[in-house]
Structures are given as C-alpha cells and as structure tokens.
Amino acid sequence: MKLWDPESKGFRLCSDHFISANPVASAMGKSKQTGNHKSDKKKNISKKWKLKRRTKDLDQIHSDMKPETAAKLLHQEVDYDMTGCAQHYCLHCARYFVDLRALKEHFKTKGHKKRLKQLREEPYTQAEAERAAGMGSYIPPKSVEVKTQPVEEDMD
C-alpha cells in the first residue's frame, strides 16, 4: 500500500522504504553497478595522468648538469619527433621548447626560478641516509651554485 507523504513529496511504501515522486532525485547519487566489462579501460586514470606529467627527479637533473652530460643534452641531433626538433632544451626543468624565444621566456617564469632554487641543495645520498639513521654524525646538506644555462643566439 502506497501512502502519499506531502512533507517529502513522495510515496512511503512502509516505514523503511520511500519512492520519490521526482525522477531526477531517484537517479541522483552514486551508481550501484560493480561489474563492467569495460572497466579495465577506466582503471587508474589518475595514475595515468600523474605519469603523463611526470618530470625528472632532482637527483637525475643534478647528474644531467655534469658538464659532459649537459653538453650532450644541449647539443642534440635534430629529432623531428621531439618538440622544437630537440634543439631548445631547458637543462634544469628537463623540458623541450618550440623555439629560442619560448626558451628565453621560460627562463623568466616562476616555475623555472622555483626549480633553480630546488636545485641549489645538494642531492640526497646513501651516506646521508645512513647518517640520519644513526650510523654517523649529521652533516647538513651543502648548497650548490646553480645558474641559468647560457643560450646560443646564432641558431636559426
């Protein structure tokens, strides 16, 4: 037996069950469906986006800043699959840019300046981890001099 409940604007079947007269209200809320054969495509979407935007870690960038590695990265061969044919690369942010003007503008941005500030601290090492665990006395991390890379103007 259905009884109209004017306060909640719906039908009360018994004390436990209630049906709303508004079809939108009954459709609102989280779906109860648990099994879906297409669900494997939808899994870990947030993980995919995090990995898509992932950049190099600071210790990897410190190893890239060594002179022999930096020379290779700054003077790469033309690669048509990379942004800007892999000719305009920011060593500190590990990013490729379309042209020299975009690279110069990037050097003025807040993100690049923040990255330079992060790179001033010496990278974390295994020896420092052992000292922190009590296998030696603590030595505070040293600061490293980091400057924006020089830009070659003669490139076309």
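Even glycines carry a Cβ here, placed using N, Cα and C.
Some features that TrEMBL has for this protein:
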- 26-51: region 'Disordered' (REGION)
- 39-51: compositional bias 'Basic residues' (COMPBIAS)
- 90-112: domain 'C2H2-type' (DOMAIN)
- 117-156: region 'Disordered' (REGION)
- 118-131: compositional bias 'Basic and acidic residues' (COMPBIAS)
Notebook entry, point to check: Given the model, what does the mean pLDDT over the domain 'C2H2-type' (90-112) come out as?
Noted result: 94
Item checked: Structural state census, the region 'Disordered' (117-156) (DSSP three-state) -> 10 helix, 2 strand, 28 coil
